[in-house]
Amino acid sequence: MAAANATKISWRLQEFEAHSSSVSCLALGKNSGRLLATGGEDCRVNIWAVSKANCIMSLTGHKSPVECVQFNTSEEQVVAGSQSGSIRVWDLEAAKILRTLMGHKSNITSLGFHPFGDLLASSSMDTNIKLWDVRRKGYVFRVKGHTQAVRSLAFSPDGRWLASASDDSTIKLWDLAQGKTITEFKSHTAAVNIVQFHPNEYLLGRCRYSKHVYSVLCAFFSPDGGCLFSGATDTLRVFGWEPDRCFDTVPVGWGKVSDLAVCNQQLIGVSHQLSSVSSYVVDLKRVKKSGGSDPRGAALRKSYARPSTTCSSQRVKQRSESERRSPEGERRSPSEDEGDEKLSSAEIHNPEDFKEIFQPKNAISRTPPKMSEPFPAPPEDGESYSSLSSSSSSSSSSSSSLLFVINMSLIHYQCSHVVTGIKLKTTSMFVPQPSANSRPAALSDEDELSQIKKGHATMCVMLSSRRKNLETVRMAWAREDAKNALDIAVSMSDLSIVVDILNILNLQPSLWKLDLCTTVLPQIDKLLQSKYESYMQTGCTSLKLIMKHFWTLISDTLRATPSVGVDITREERHLKCRTCCKQLKNLSNIVKNKASQVGRHGSAFKELQLLMAPLDDAV
């Protein structure tokens, strides 16, 4: 009976190899419960969609094993800390390294993003806690007080406080505005490994290690704040308070679970062993999560007041410049940061899932869509899907044949190419639609197949030509560089080839140089005025990248005073910058005209218009 109940309440979703060596850490995205980040001894951070065994992207740059990983609140960024004490932040939507932060002297033990602003908190075996401004590359300040390694960090829901738990058996609560301790909780007899804020009320949850009793490995307040989910070896427990008690205990075969998240009435738990990762699901609709708690306690407690505007590092105590330039290396020269960031990369292994999750066309949220039943339970003992199969097979032979023909047609129309490790895929299918005024007559299998094949030969010729052109570009790229490959693509007078190459370059900003900009800008002119939405999107992305990464160089070069004597290199750079500036001004006029449009395109062009505002004052 126990086994049957366990099968109904919890089940293993998947198990897969996550890294080429042992997995050292992992984290679930708490916003969606459907994204997973893993860090390994191979110095990589891999991003996964829960329930899928194919890695979406692999993030490189760390030179020592990754010890800690965490998503930000919106799941647009991920941060990873290494054994050496370095911290790297990646922008998942742009698929690039955002910041490299140095300052800790030992292993990173915990990381946490501020709930509203661009602040990041980090702790280490060196007992220090540091706050960073991710956008400005800035070290904000350091707090000291723990005597042993800090194991867990948590920001309060309103962003005013930071809680830290340590091996010294204490929990400290820090006021971020003043940069000092508010209070300290010392009533612990062992190291405290987890600290969590209640999502609504002034409550703080903590968990500790124990060799003799139930040892908590991870904990998570329910989204409504009604209970605390506690993960231990092969067990989930649901706790309440006032009075303290356990509502339910659920056996789950997840081993030493590492993180928990909730996704639409389902709790997701993930664990790792050696190089493999396993994910499990618990059906919360079958778990007891309440037990008649005393409502007077909640009524007497305060609730967090969320700020009406985005919080920024301005609300956090700022240290003087001399304090920031500490001998521990919290700040480094721009050249050092740029050198490290060039070594970091985001390798996209699954372009389809990447675009669906991080670059959706229609969804406002950048997280995977929440479904009413995202992870279906396996069939109960004795139950199978044979009835479904038999009912499908009992349908007419005409329907099954048509389904098979459509699938085969899709295979014929698919044309795949590989350019520097990125897969380009073109899929097209033309199926004639019946007239609105006529009722379609029943067609035989041969008639159906004949209609589907209409235009097939023409499409095959077109795709074969495109494949040949892409192969030529790929060989040029492998033989020389991206600039030469793009020059060849432009000479083919096929804008679709240019779009394919730019889609790759847009994901790899480190490949861009000033030479490349002079070639790309005239093509952006064509893309922005194209009738195809995907072409306009690619053009906008390339233009944003150029403005963000090259406009400062272009404007500074054009404003610089002439050098004494002959400097051929400077003259060439000056000529390229003048050419780019002229092309950017032309594009600025196009962007201004299109910014008046309504809808998604108008918003994209308005954003570009703001980004290109400095061109109005250009030399």
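The backbone N, Cα and C atoms fix where each Cβ goes, glycine too.
Automatic, uncurated: that is what TrEMBL annotation is.
Taken as a whole, the repeat 'WD' (16-58) shows an average pLDDT of 91 in this prediction. Under the heading repeat 'WD', TrEMBL lists 16-58 (among others).
Under the heading domain 'EML-like second beta-propeller', TrEMBL lists 33-186.
A Cβ distance under 8 Å defines the sequence-distant neighbours of the repeat 'WD' (59-100), meaning residues of its chain 6+ beyond its ends; these are 24-32, 35, 37-47, 106-113, 115-116, 120, 122, 124, 126, 132, 134, 137, 337, 340-341, 343-348, 354, 358-359, 366-367, 507-509. Under the heading repeat 'WD', TrEMBL lists 59-100 (among others).
The repeat 'WD' annotation in TrEMBL covers 101-142 (among others).
Across the repeat 'WD' (143-184), DSSP classifies residues as 0 helix, 23 strand, 19 coil. The feature repeat 'WD' is assigned by TrEMBL to 143-184 (among others).
The annotation region 'Disordered' is assigned in TrEMBL to 289-398.
Per TrEMBL, compositional bias 'Polar residues' is recorded for 306-315.
Sequence annotations record features per position, and here TrEMBL assigns compositional bias 'Low complexity' to 386-398.
Look at TrEMBL and you will find 454-612 tagged as domain 'Katanin p80 subunit C-terminal'.
Within the repeat 'WD' (59-100), the DSSP-based counts of helix, strand and coil residues read 0 helix, 24 strand, 18 coil. When the repeat 'WD' (101-142) is classified with DSSP, helix, strand and coil residues number 0 helix, 23 strand, 19 coil.
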